Amino acid sequence: MIKLRLTKDAKVGCCFLIFGLLNNLLYVIILSAALDLVGANVSKGVVLLSNIVPSLACKLSASILHVHKFKFAKRIGFCVFMSILGMQWIAWSSSVPSKMLGVSLAAISSSFGEISFLHLSSRYHSVSLPCWSSGTGLAGLFGASSYLVMTTWFNFSVRSTLIISSFLPLFLLIMYFFVLPESESTSPSINNNYTPIESIDLRAGHVSFNFVNSLKQTFIFMQPYLLSHMFPQFLVYFSEYTINIGVAPTLLFPPEKAGFSSFRDFYPTYQTVYQIGVFLSRSSISFFTVPYLRTLAITQFIILLFTILQSALYLTSSYHFVLFLIFVEGLIGGTVYVNVYHSLQTTESSQRELAISTVGSSDSSGIFLASLVSLFLEPSLCHFQADRGRDWCALT
């Protein structure tokens, strides 16, 4: 009996590790490819904005539309289809607007998949969430480093890299249908105090009433989580994505100081180091939990302010110190993410999946605001540098 239990836990852990890896992998590759997708003259915030708008829409609507009541097989199949379609669209597009449409398609898959797999994790043994989190961290590490290796070391074209990557989500279907054991719980978690949309009447008055009622109930349900869960996650994601998209492309040094051949190599290197931090911290939940989420969120914001000053004023000529800050940024981001969702596992089972959907919108909201800020922050920093004799941004 013990042997069977361990075997099942191992299968569940392996599946959720792969789920986290493959669901987030294309998202990371797209962000790592941001500079190559839009060029040096367009803010990388355009890529993030194209990614996060559909993602935010998915997460905001998840609790309102009761996504947790749909069958997982259909949800996962939809995610795989949208991933392949989005990456192929990006790869074969020539104009920036067309590429951004592909980014949006892939973003729908990633965000819908995250909510779905977090829902699925709540139906399994406690090993599922740590393995999911480790997988998402591994996706960051593997996605950023593989893009760096394929395009910088092996000189693969951006198109070839994207085409090869686009078919990886097919393994999600294999793991779900052929490897993942049956869950202990088979029925969707529904908050007994939450009023669902019981039916959709085609008469306009009934549709409006039901939607508004569901929206109100969602806001009521959200209130206990605002300060404890949603605020730390919002601030952390706003800070780290503003750094990654709005500031990091401008954190440049003479290439020879870092052992690089060109200024272009800095950005994917920052992304890789950041993802190492994310992977380590998201994997830490198996060993310890961190309760000081608001303190970490404020620390992340302080790092954002320092990197902005570094970009503008060149406070230090130490490339390795800045690289260390990027690593710490990844550690904080991953720590807050995994501890927020881990704490939701103690929520009453009838409310757990709805709580996950509700809290899940906070990270996307932070990323959305970061993308708007980055649209003007990155070019502003580049112009500020150029006015003071550092025109390195133009050389990326």
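Glycine too: its Cβ is placed from the backbone N, Cα and C atoms.
The transmembrane segment feature in Swiss-Prot is assigned to 15-35 (among others); the stated evidence is sequence analysis.
The feature transmembrane segment is assigned by Swiss-Prot to 45-65 (among others), with sequence analysis given as support.
The transmembrane segment annotation in Swiss-Prot covers 76-96 (among others). Outside the transmembrane segment (76-96), and at least 6 residues removed from its termini, the chain residues within Cβ reach (under 8 Å) are 23, 26, 30, 37-39, 42, 46, 102-110, 112-113, 116, 158-159, 162-163, 165-167, 169-170, 172-173, 176.
Marked as transmembrane segment by Swiss-Prot on the basis of sequence analysis: 138-158 (among others).
The feature transmembrane segment is assigned by Swiss-Prot to 161-181 (among others). Sequence-distant neighbours of the transmembrane segment (161-181) (same chain, 6+ residues past either end, Cβ-Cβ under 8 Å): 8, 11-12, 14-15, 18-19, 22-23, 25-26, 29, 33, 72-73, 76-77, 79-80, 83-84, 86-88, 90-91, 109, 113, 147, 150-151.
According to Swiss-Prot, the feature transmembrane segment maps to 234-254 (among others), an assignment based on sequence analysis.
The feature transmembrane segment is assigned by Swiss-Prot to 296-316 (among others).
Feature annotation from Swiss-Prot assigns transmembrane segment to 321-341 (among others). Beyond the ends of the transmembrane segment (321-341), by six or more residues, the same chain brings 118, 129-130, 133, 136-137, 140, 229, 232-233, 236-237, 239-240, 243, 248, 251, 253, 269-270, 273-282, 284-285, 289-291, 293, 296-297, 299-300, 303, 306-307, 310, 356, 359, 363 to within a C-beta distance below 8 angstroms of the stretch.
Across 45-65, 138-158, 234-254, 296-316, the stretch most heavily in contact with the transmembrane segment (15-35), judged by Cβ pairs under 8 Å, is 138-158.
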